[in-house]
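A.B. asks: Got these off TrEMBL a minute ago, pasting:
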COMPBIAS  1-12  compositional bias 'Basic residues'
COMPBIAS  37-69  compositional bias 'Acidic residues'
COMPBIAS  101-116  compositional bias 'Basic and acidic residues'
REGION    1-72  region 'Disordered'
REGION    86-119  region 'Disordered'
REPEAT    155-196  repeat 'WD'
REPEAT    216-257  repeat 'WD'
REPEAT    258-299  repeat 'WD'
Amino acid sequence: MKNKRRGSGPKKGKAEDPFFGNESKRRRRRRKSSDADFVESSDSGDDFFEGEAGEEDEGEEEAAVEETADEKRKRLAIAHLEELRKIAKRTEEQDDDYDDERGGGESEKESEEGQRDSLVAQILQQKQLEESGRVRRSIASRVQKPEASDQFQALVKHRQTVTAVALSEDDLKGFSASKDGTILHWDVESGRGEKYRWPSDEVIRSHGAKDPQGRASKHSKLVLSLAVSSDGRYLASGGSDRHVHLWDTRTREHIQAFPGHRGPVSCLVFRQGTSELFSGSYDRTVKMWNAEDRAYMSSLFGHQSEVLAIDCLRKERVLTVGRDRSMQLFKVPEESRLVFRAPASSLECCCFINNDEFLSGSDDGSVELWSVLRKKPAFIVKNAHALVAANKKFEQRDRETIPNGHLENGDHTSESFDSSSVYSWVSSVTVCRSSDLAASGAGNGSVRLWAVGSETKDIRPLYNLPLVGFVNSLAFAKSGEFLVAGVGQEPRLGRWGRITAAHNGVAVHPLKLS
């Protein structure tokens, strides 16, 4: 039998010999880059011992350098599990007065570790159910009453009325837009912002924009809506120029313009966990886009008037409201829709609570709770943002109870409160994701916090958060620890009211949870 490790054929011998087959890639690269004499003496005893001594360190270096995406996910998952185990251990010590220094047998230690792992599994299961929307987090009961020092603090300033605000998935970055066409990207902690700059008309046309049609003579930069993708890569904006604009949040550069709508783009939303984007317009249609592929996908029809607000969760279900006094739930894969008729004259805003329940606000000052099983509201709060006639400056006092038109909630006569004014229109509603905490905004001088009952199917008032101006957009932090509001002197979609004492900008209010 021929010796395959002879010096006459070093390269071929190394490839076929099992010793060199187990050799690390880093050592093979090092050997290739050295001189020929070193390669010829590769079968010497010195080289064998050298490789054996440095094998462990070199393997660790290569694992750090050439870590794949799957290996990184596995490493992060293991680290997350270890962190949960530490939390479970601290909980166990607090509940059972566990003493680390006491003696115990192996069986006792194994039992404690098994209980700890069981608690970690319960935490992960609960988190997964909350993320999917199957279980509602109880946050409303944990919100403490705001103190006198707890007020909305100005975070970002705009020259004109703020029309939309959005938060990133990790609640660290925020986005806001105003009627002057300005889009800002700011840090939640410090409030430091950076401006998105619109490219020239030639660049916008090269990105897919069409020339203005009809009465419009030039592109208007008025922005009415914003949406940020779950991975934080894309920001979508829409406004009176009838286009959906796509931005790269890392570079703040304009990357695509989607034409197709024949009216102003009034609302936008990304489907959670995907790059699918839905847009609603004054042209009564809802269009579906793919931000990753930069492509138009389909259109949804059904509204008989302007589409004003839109929302979407993980499921391919789109919730919209319009000035046709209807709220519609589009089931995209089934190509069907459910139509809900509102008793109000017009619905102004909407949002999902979970896949089967949602909230809406109307221009008669009402907040409605809906269920997918009923075509009419399951619960209505009337005069949710009523005006106090005696207070002309829109500075309402904080009250334990909020008047909703019923005598049992306080002796508030119809002469004292007015819901027909534009200042009491419910212009924005939002829900802390997968929880029972909701908020609504109008122009009456305060933001309302609500508790949505999962069993009772009702809406209970919590607290009033004073804020002067039209609250055109609201966004909860995922943790429920703060609320962001976009405020302005005018309503989002018109100029039929004005509060000169208001400051155009973004305000944040911390929430203390027990």
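Glycine too: its Cβ is placed from the backbone N, Cα and C atoms.
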A.B. asks: Tell me the residue counts in helix, strand and coil for the repeat 'WD' (258-299), as DSSP assigns them.
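C.D. replies: Here the numbers are 0 helix, 23 strand, 19 coil.
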A.B. asks: So, by DSSP, how many helix, strand and coil residues make up the repeat 'WD' (155-196)?
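C.D. replies: Going by DSSP assignments, the repeat 'WD' (155-196) contains 0 helix, 24 strand, 18 coil.
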A.B. asks: Considering every residue in the repeat 'WD' (155-196), what is the mean pLDDT value?
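C.D. replies: Residues in the repeat 'WD' (155-196) carry a mean pLDDT of 94 in this prediction.
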